[in-house]
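Residues or ranges marked as ATP binding site in Swiss-Prot: 138-193. According to Swiss-Prot, the feature Mg(2+) 1 binding site maps to ASP261, GLU274. Under the heading Mg(2+) 2 binding site, Swiss-Prot lists GLU274, ASN276. Here Swiss-Prot flags 112-307 as domain 'ATP-grasp'.
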Amino acid sequence: MMALQSTRDPKEFGRVAVLFGGKSAEREVSLKSGAAVLAALQAAGVDAFGIDAGDDLLQRLSSERIDRAFIVLHGRGGEDGSMQGLLECAGIPYTGSGILASALAMDKLRTKQVWQSLGLPTPRHAVLASEVDCQAAAQMLGFPLIVKPAHEGSSIGMAKVGDVAELIAAWRAASAYDAQVLVEQWIQGPEFTVAVLHGEVLPPIGLGTPHTFYDYDAKYLASDTQYRIPCGLDAAREEALKVLSARACEAVGIRGWARVDVMQDAEGNFWLLEVNTVPGMTDHSLVPMAARAAGLDFQQLVLSILDDSLEAGN
């Protein structure tokens, strides 16, 4: 396991391209994350510059001198293995998880299937492709339910539903974002998020919001979202949450850094929702918050993440 705080001379990283923006539905969040990461690297003395990953990305990668890349692209095209594959073909080391883990974590259905195969708890679910599927899912799972695109992040396209009519409407709305739509059991209870850095689990964060769930507005826009560190669990339950989150990351093959989202039901049981391989790095973001609780400021955090690109030998 690597030390959390980098001890390298910033010049060892060479010329670093911070990749952000892109074309996914999470572009605006990525722009903010990328700006924060770029500013922190430059302030630390790293020779870093930004690339908005658009149509000219291939040209930029071939024309610029790039010693390594810091990926801050959220969602499709950056978090799903495609950018990782492109960088590997170009021979450019990069931060975070590799191709397989990135692609798997971006696919909520297959991530759940991996967890289920290992006996890790995740809510019961069904795949929706028609109104008939909606009817069948309602009978199998009951209400309330939550509908989500299978390959989106930041809670984009998600909706809580309480009857079949709402389920059909939510499926249609989610289908605008993804050809594959999931519906899951609604877990009533507190939500937690757990950051993992170089295999070490950072202090879990308890989340509270007056919204129906921790949606896009609660994540990035609202001023009334509550973040609890310590998370509010007793020592034994917090340790169980940390162990489960570490196992969830190990199952997917996470490298470097990630964030796991977890619910707790009324009986105290934990349920894995998803794992994010390129979590947000904005002023509202959770990984920087957890890092601060572990004694790392934002600059130390980004250097630690970048350190992994040297250690991993992508």
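Heads up, residue numbers simply count up from 1 along the chain you see.
Backbone N, Cα and C atoms are what each Cβ position is placed from, and that goes for glycine too.
Sequence features annotated in Swiss-Prot and their locations in the structure.
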residue	record	DSSP (3 states)
ALA138	ATP binding site	helix
LEU145	ATP binding site	strand
GLU152	ATP binding site	coil
ALA159	ATP binding site	strand
GLU166	ATP binding site	helix
ALA173	ATP binding site	helix
ILE187	ATP binding site	coil
ASP261	Mg(2+) 1 binding site	strand
GLU274	Mg(2+) 1 binding site	strand
From the Cα of ILE187 (ATP binding site) across to the Cα of GLU274 (Mg(2+) 1 binding site), what is the distance in angstrom? 14
Using all protein chains shown, find which of the binding-site residues LEU145, ALA159, ALA173 scores highest when you count other CB atoms within 10 A of its CB. LEU145
Around GLU274 (Mg(2+) 1 binding site), how many other C-beta atoms are within 10 angstroms of its C-beta? 20
Please name which of the binding-site residues listed here, GLU152, GLU166, ILE187, is nearest in space to ASN276 (Mg(2+) 2 binding site), Cα against Cα. GLU152
Candidate with sparsest Cβ neighbourhood (10 Å radius) among ALA138, ILE187, the listed binding-site residues: ALA138
Whole-number answer please: how many Å between the C-alpha atoms of ALA138 (ATP binding site) and ASP261 (Mg(2+) 1 binding site)? 24
Please report how many Å separate the Cα atom of LEU145 (ATP binding site) from that of ASP261 (Mg(2+) 1 binding site), as a whole number. 17
In angstrom units, rounded to an integer, how far apart are the Cα atoms of ASP261 (Mg(2+) 1 binding site) and GLU166 (ATP binding site)? 25
